[in-house]
Amino acid sequence: MRVTVIGGGTMGSGIAEVFAQFGHDVILSDISDSILRKSELAINASLKKLSEKGIIKEPERVSERILYDTNFTAYDSEFYVEAVIEKPEIKSEVLHKIKNQNAIVATNTSSISITMLSKYAPNPKKFIGMHFFNPPVIMKLIEVVSGYDTDGDTIKRVMDISKSLGKTPVMVKDFPGFISNRVLMALIREAIISLEEGISDAAGIDTIMKLGMNHPMGPLELSDFIGNDVVYDILNVLYNDLGYERFKPPVTLRNMVYAGKLGRKTGEGFYKYDK
Ligand code: NAI
């Protein structure tokens, strides 16, 4: 199948790599050639790692299946995955450019309503959420999100395609944060509130969740990994859209975002990192 992935950042590059790994021809698009060169370098480095680990056999052949082009409208695909930045106005503009009404169009959004975005897609019946996790080549889950108009055939095809990519798809409805971020953000928020209340320090809270609950990362470590700004934005979406007090962004988190303590990417968040 020919697949167009729009947005060649962290997620788009990984998603393009997954489709190519499983034999699909991929067009990966972004706004500039220099960004696409970076995507290509990241994909090839990742393919090299996968082949060293024996997960894939012929990295060069996988790499050859990906074509990089800033103009995705020059190609017609059966399947599109939109993975541009988490801004409704940018996503709607990109979706509007896709003209094939028979193609399935999936968005990788983590917090925007699928039903809202579907109004900009060529065919709302064939528009769906396909929420991959970072890094897409490693993480097994795909949260498949049906919008108000998504038809049964599209849901079935996306569930099947997800399985064919070696993933486990789970279907959810179009609710703020779906399941993954709704449950995860409640956990991270409670960890931050516990820190604010001085019940324990960051290392203590994370150690309790790692050793006591068998979580691979503590919630504060995870917030630093995701990016405290991203966590803050998602909490705001959940709080505004659902109205539950339990999603109110903690002031400590807000202040950390204002101070640029965004976590790993800035070298400091709940912990300090070597940059
Ligand atoms: P990113 O910032 O790494 O990549 C976004 C890419 O979109 C950039 O390369 C940017 O140049 C490109 N872009 C912006 N405007 C564009 C346009 N008009 N046309 C084509 N490309 C354009 O962001 P990331 O992390 O890859 O996120 C992408 C999407 O995936 C977002 O919707 C995000 O919520 C979602 N997501 C992110 C996860 C993560 O852990 N980073 C996990 C799951 C979903």
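Even glycines carry a Cβ here, placed using N, Cα and C.
Counting only same-chain residues at least 6 apart in sequence, those with a Cβ under 8 Å from the Cβ of MET11 (NAD(+) binding site) are ALA83, ASN108, PHE132, ASN134, PRO136. Per TrEMBL, NAD(+) binding site is recorded for GLY7, GLY8, GLY9, THR10, MET11, GLY12, ASP30, GLU86, LYS91, SER110, ASN134, LYS265.
Taken from TrEMBL, the feature domain '3-hydroxyacyl-CoA dehydrogenase NAD binding' covers 3-174.
Residue counts for the domain '3-hydroxyacyl-CoA dehydrogenase C-terminal' (177-273) under DSSP, split into helix (H, G, I), strand (E, B) and coil, are 66 helix, 3 strand, 28 coil. Here TrEMBL flags 177-273 as domain '3-hydroxyacyl-CoA dehydrogenase C-terminal'.
The DSSP secondary structure for HIS131 (site 'Important for catalytic activity') is strand. For HIS131 (site 'Important for catalytic activity'), the same-chain residues lying six or more positions away in sequence with a CB closer than 8 A to its CB are ASN108, THR109, SER110, ILE142, GLU143, VAL144, VAL145, PHE178, SER180. If you look up TrEMBL, you'll see HIS131 marked as site 'Important for catalytic activity'.
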For LYS91 (NAD(+) binding site), the three-state class that DSSP assigns: helix
Residues that sit under 8 angstroms from ASP30 (NAD(+) binding site) by C-beta distance, when 6+ apart in the chain: ILE6, GLY7, GLY8, GLY9, GLY12, LEU36, SER39, THR70
Least Cβ-crowded entry, counting other Cβ within 10 Å, from the binding-site residues listed as GLY7, GLY9: GLY9
Three-state secondary structure, MET11 (NAD(+) binding site) (per DSSP): helix
Annotated binding-site residues MET11, ASP30, LYS91, filtered by Cβ under 6 Å to ligand 1: MET11, ASP30
Long-range Cβ environment of LYS91 (NAD(+) binding site), under 8 Å and at least 6 residues apart: GLU82, VAL84, THR107, THR109, ILE112, LEU117, TYR120
